[in-house]
Amino acid sequence: MRALEGPGLSLLCLVLALPALLPVPAVRGVAETPTYPWRDAETGERLVCAQCPPGTFVQRPCRRDSPTTCGPCPPRHYTQFWNYLERCRYCNVLCGEREEEARACHATHNRACRCRTGFFAHAGFCLEHASCPPGAGVIAPGTPSQNTQCQPCPPGTFSASSSSSEQCQPHRNCTALGLALNVPGSSSHDTLCTSCTGFPLSTRVPGAEECERAVIDFVAFQDISIKRLQRLLQALEAPEGWGPTPRAGRAALQLKLRRRLTELLGAQDGALLVRLLQALRVARMPGLERSVRERFLPVH
């Protein structure tokens with residue numbers, strides 16, 4: 001019998017090799033499903049069983065003649081990964097008082113929570129978004145994961161109140177409005193304009209209300225020290241002397257002074273300026289008294 005040579009030998013080798021090559025795709029396909037070792041309690045046989053996909057659990061392990069049986073997770077339970085658990089995990093995440101549900105409990109994942117609107121997550125707690133103080137504006141609103149981002153108002157802009165949402169606003173342009181500049185704008189208040197050019201010292205005339213409002217703004221928003229603001233407030237409250245004033249910031253004192261002057265405007269018929277000039281003398285503020293006279297009292 002002649003031995004095969006050349007092309008005949010190559011063809012025979014290929015035919016013999018085919019049975020060994022065919023199972024490879026099947027083995028590769030099985031390997032894509034995770035497995036786990038299992039010992040059959042009845043036969044003592046050691047088996048390799050397929051795991052169950054997310055959202056299910058092992059209802060019955062595989063046997064020599066049957067694959068793994070997987071069952072769906074019951075309500076309020078889940079499995080997130082391929083597994084060989086005998087029961088699904090309970091959805092044990094509960095949202096706190098300052099949290100809301102970001103993702104509901106599902107067969108494939110636990111419940112997820114996030115901080116409610118107005119709060120952000122920090123070190124495991126939901127903290128309230130900070131407010132930017134007067135003189136600073138919001139550059140990035142707070143999110144569930146980040147606090148409010150503030151920055152000082154740049155020149156030409158202002159923010160008059162504490163806010164977690166307001167940006168710095170541009171100062172108004174008095175000239176463009178056809179008005180006179182009363183008080184220059186700062187980082188914490190707008191430019192104050194007026195149409196007032198001066199009014200009699202003690203007589204109320206038509207249109208005097210605009211001048212009275214201008215006087216109030218002019219005095220209340222002067223760039224003076226907190227100590228002097230306190231002295232003037234106390235002089236307006238008690239002309240004969242004053243007691244201690246609770247500690248407060250400049251912006252709060254300016255607003256309080258503005259409210260007090262507005263109260264005096266309503267209570268004293270045409271005598272606001274007289275009363276204010278007296279208080280400035282009592283508070284030992286000759287410079288501001290002189291500025292008020294030069295700005296609002298006509299020269300005779």
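Each Cβ is built from the backbone N, Cα and C atoms, and glycine gets one as well.
It should be emphasised that the depicted structure is a prediction, and the values quoted were computed from it without experimental measurement.
If you look up Swiss-Prot, you'll see 1-29 marked as signal peptide, on the strength of experimental evidence.
Through the fold, the repeat 'TNFR-Cys 1' (31-70) approaches residues 78-88, 106-108 of its own chain, all at least 6 residues removed from its boundaries and within a Cβ separation under 8 Å. The repeat 'TNFR-Cys 1' annotation in Swiss-Prot covers 31-70.
Secondary structure at Cys49 (disulfide bond), as computed by DSSP, is strand. Note: Cys49 (disulfide bond) has non-local neighbours Thr35, Tyr36, Pro37, Trp38, Val58, Pro61, Cys62, Pro67, Thr68, Tyr84, i.e. same-chain residues 6+ apart with C-beta under 8 A of its own C-beta. Annotated disulfide bond per Swiss-Prot: Cys49-Cys62 (among others), in sequence order.
The disulfide bond annotation in Swiss-Prot covers Cys52-Cys70 (among others). A simple way to gauge crowding: the CB of Cys70 (disulfide bond) has 18 other CB atoms within 10 angstroms, across all the protein chains here.
Across the repeat 'TNFR-Cys 2' (72-113), DSSP assigns 0 helix, 15 strand, 27 coil. Among the features that Swiss-Prot reports, repeat 'TNFR-Cys 2' is placed at 72-113.
Around the Cβ of Cys73 (disulfide bond), 23 further Cβ atoms fall within 10 Å across all displayed protein chains. The annotation disulfide bond is assigned in Swiss-Prot to Cys73-Cys88 (among others).
The disulfide bond annotation in Swiss-Prot covers Cys91-Cys105 (among others). The Cβ neighbour count for Cys105 (disulfide bond), using a 10 Å radius over every protein chain in view, is 18.
In this view, Cys113 (disulfide bond) is surrounded by 18 other Cβ atoms within 10 Å of its Cβ, with every protein chain counted. Marked as disulfide bond by Swiss-Prot on the basis of experimental evidence: Cys95-Cys113 (among others).
In the three-state DSSP assignment, the secondary structure recorded for Cys115 (disulfide bond) is strand. Neighbour count (other Cβ atoms within 10 Å of the Cβ, all protein chains): 24 for Cys115 (disulfide bond). Annotated disulfide bond per Swiss-Prot: Cys115-Cys126 (among others), in sequence order, evidence recorded as experimental evidence.
What Swiss-Prot records for 115-150 is repeat 'TNFR-Cys 3'. Residues 96, 98-100, 157-169, 186-188, 251 of the same chain lie 6+ residues outside the repeat 'TNFR-Cys 3' (115-150) yet bring a C-beta within less than 8 angstroms of a C-beta in it.
There are 20 other Cβ atoms within 10 Å of the Cβ belonging to Cys150 (disulfide bond). In the three-state DSSP scheme, Cys150 (disulfide bond) falls into the strand class. The disulfide bond feature in Swiss-Prot is assigned to Cys132-Cys150 (among others); the stated evidence is experimental evidence.
Look at Swiss-Prot and you will find 152-193 tagged as repeat 'TNFR-Cys 4'. Looking just at the repeat 'TNFR-Cys 4' (152-193), the mean pLDDT is 95.
For Cys153-Cys168 (among others), the entry in Swiss-Prot reads disulfide bond, with the evidence type experimental evidence.
Packing around Asn173 (N-linked glycosylation site) is summarised by its Cβ count: 12 other Cβ atoms lie within 10 angstroms of its Cβ, all protein chains included. Under DSSP, Asn173 (N-linked glycosylation site) is assigned to coil, being neither helix nor strand in the three-state scheme. Marked as N-linked glycosylation site by Swiss-Prot on the basis of sequence analysis: Asn173.
Per Swiss-Prot, disulfide bond is recorded for Cys174-Cys193 (among others). Secondary structure from DSSP puts Cys193 (disulfide bond) in a beta strand. On its own chain, Cys193 (disulfide bond) has Arg172, Cys174, Leu177, Leu179, Ala180, Leu181, Asn182 as residues at least 6 apart in sequence with a Cβ closer than 8 Å to its own Cβ.
Distant neighbours of the repeat 'TNFR-Cys 4' (152-193): 118, 129-139, 141-142, 214, 217-218, 221-223, 250-251, 254; these residues of the same chain sit at least 6 beyond its ends, with a Cβ under 8 Å from one of its Cβ atoms. Every protein chain shown contributes to the tally, and the Cβ of Cys174 (disulfide bond) ends up with 19 other Cβ atoms within 10 Å. For Cys91 (disulfide bond), the count of additional Cβ atoms within 10 Å of its Cβ stands at 18 [all protein chains shown]. Candidate disulfide-bonded residues: Cys70, Cys88, Cys150, Cys168. Nearest to Cys115 (disulfide bond) by Cα distance: Cys150. Local packing around the Cβ, expressed as the count of other Cβ atoms within 10 angstroms, is greatest for Cys52 among the disulfide-bonded residues Cys52, Cys62, Cys126, Cys168. Nearest by CA distance to Cys153 (disulfide bond), out of the recorded positions Cys73, Cys88, Cys105, Cys132, Asn173, is Cys132.
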